[in-house]
Amino acid sequence: MSELYKEAAELLNKLEKRQGGLKSLAYADNVVHKRSSFALVCETLRYKPLLVQLLDAVPQFKLAKKMKDKALLYISLYDLLFGKHKKIQGGGHAKKEMMKFANAFREALVRLKIKAKVASNEHLLPPENRRMSLQLPRYVRINTLLISENEVEAFVREFDAQRDPHVRDLLMLKPGTELHKHPLVVSGKLILQDKASCFPAFILHGEHEDSADNLGDVIDACAAPGNKTSHAAMLLKQKRIDEAKCNVFAFDRSAKRLDLLKRRMKLAGADGIVTPVLQSFLDVDVTDEKYASVRSIQLDPSCSGSGMTNRLDHLLDIASGRVQGEDQENEEYEDVASRLQSLADFQLEALLKAFSFPQVQRVAYSTCSVFHKENEEVVLAALTSEQNRTAERPFALRPCLAGWPRRGEQISGLTEEQAKCMVRANGLEDGTNGFFVAYFERTDAAERTVQPSPLKVATPENDQANNLKRPRDEDTSQPNGAAKRRNKKRKAKRKANSAN
């Protein structure tokens, strides 16, 4: 096999072991064929579900079971069937064995297309993996903290930009429009931000008018790198030109990420509104006087990123969870399920933390995930938690983004009305990255009757978004089991520190 294949296979193996992101791995100093390896791994990941089907369709190809480096197998088979030159580069025993079955693989591919009644290889892929999902409009957010109306109008004429119908101060341009070096972008007057990423701040501070008793500061719980943070700051400034100083507390536990946020806030002219805080949101003292004026929280925690069309790392998860013919009890599958469960545990812990601020009236929870487990299931678990059910004024879902057609998906335990309160964006059909938003408001005690039924663990049948089993050793009756364990460890650590 060629050196390029070996290098690409090494990248794919590292990616599957979560040793870094694809771009950072491919462009490391030790990688010789940087761009070629990056492209080859991207395409192999896209085609992996189909490659697995083809290997199953040619059982006489014994090398598939003998070959220890499955990444090298996938990469070479991809290049043979779908690469630019439709051949395997380099030489060696593995290539000779694969070439003996080249026609068998091609015939199997034709049979799959006939069975699926499609003409192209692309349409044999899951929708999430198709190249068409990567062609999104270029979105540009108008930063009213810095830009003038004349500059906006000139830019609109220059690029024939369209005003977005759902989000104020957002422009749409043709896919692929290059703007990174445009003077208005370089100066921070325009901000490159996906449409769906603008939803949380717009729902909290653009769509919903704050009542007099709700005017207050804002927390951005997982803030870096800061696009949503500067958006919130801009919207607050728009509403309070003649009012007292507003403040956005931006939390991140990484000093490196927080430094990036600080630079972006300065560039956007939001540094006078945003207060960066080097701390995990989970460790914040909700009774601290400095947060007594906080009335709303936007929470966009770490997630699988499965909705991001410009990132391909998530295809590892999708392939592991959906590929037909793969053993769903294997270690790779279990690892994906465990990782999603850990993310969901963290997301739930963060959402309940947001609910625990005594003066907070409104919360926007969002992810760039397509999975129920990180979206509707987390919302349901938070609403039905003991913390929320026993609260004097519990949180409840409220409608948001009324003009947006795609709503949340109904799962066991959530009513149809509650599902319609939530928002989803589909990367293939909505012209945005895949996204999810749920908007909560604190209710009066009399509204307890609208709370959902007690949590029922989603079954594989109704969990169509990810169709993943829970890890065998997970207590499925407690969706926040890992969160409780982390809380115990955190409390023990604090106790030990105080003793010292």
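Cβ atoms are placed via backbone N, Cα and C, with glycine included.
Record features, source TrEMBL:
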ACT_SITE  CYS368  active site, nucleophile
BINDING   CYS222, ALA223, ALA224, PRO225, GLY226, ASN227, LYS228, ASP252, ASP300  S-adenosyl-L-methionine binding site
COMPBIAS  483-500  compositional bias 'Basic residues'
DOMAIN    128-443  domain 'SAM-dependent MTase RsmB/NOP-type'
REGION    449-500  region 'Disordered'
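Here the domain 'SAM-dependent MTase RsmB/NOP-type' (128-443) returns a mean pLDDT of 88 for the predicted model. A 10 Å cutoff on Cβ-Cβ distances gives GLY226 (S-adenosyl-L-methionine binding site) a total of 27 other Cβ atoms nearby, all chains included.
The number of other Cβ atoms within 10 Å of the Cβ belonging to CYS222 (S-adenosyl-L-methionine binding site), over all protein chains shown, comes to 22. Between the listed recorded positions, namely ALA224, CYS368, the fewest other CB atoms within 10 angstroms of a CB are found at ALA224. Counting every protein chain shown, 24 other Cβ atoms lie within 10 Å of the Cβ of ASP300 (S-adenosyl-L-methionine binding site).
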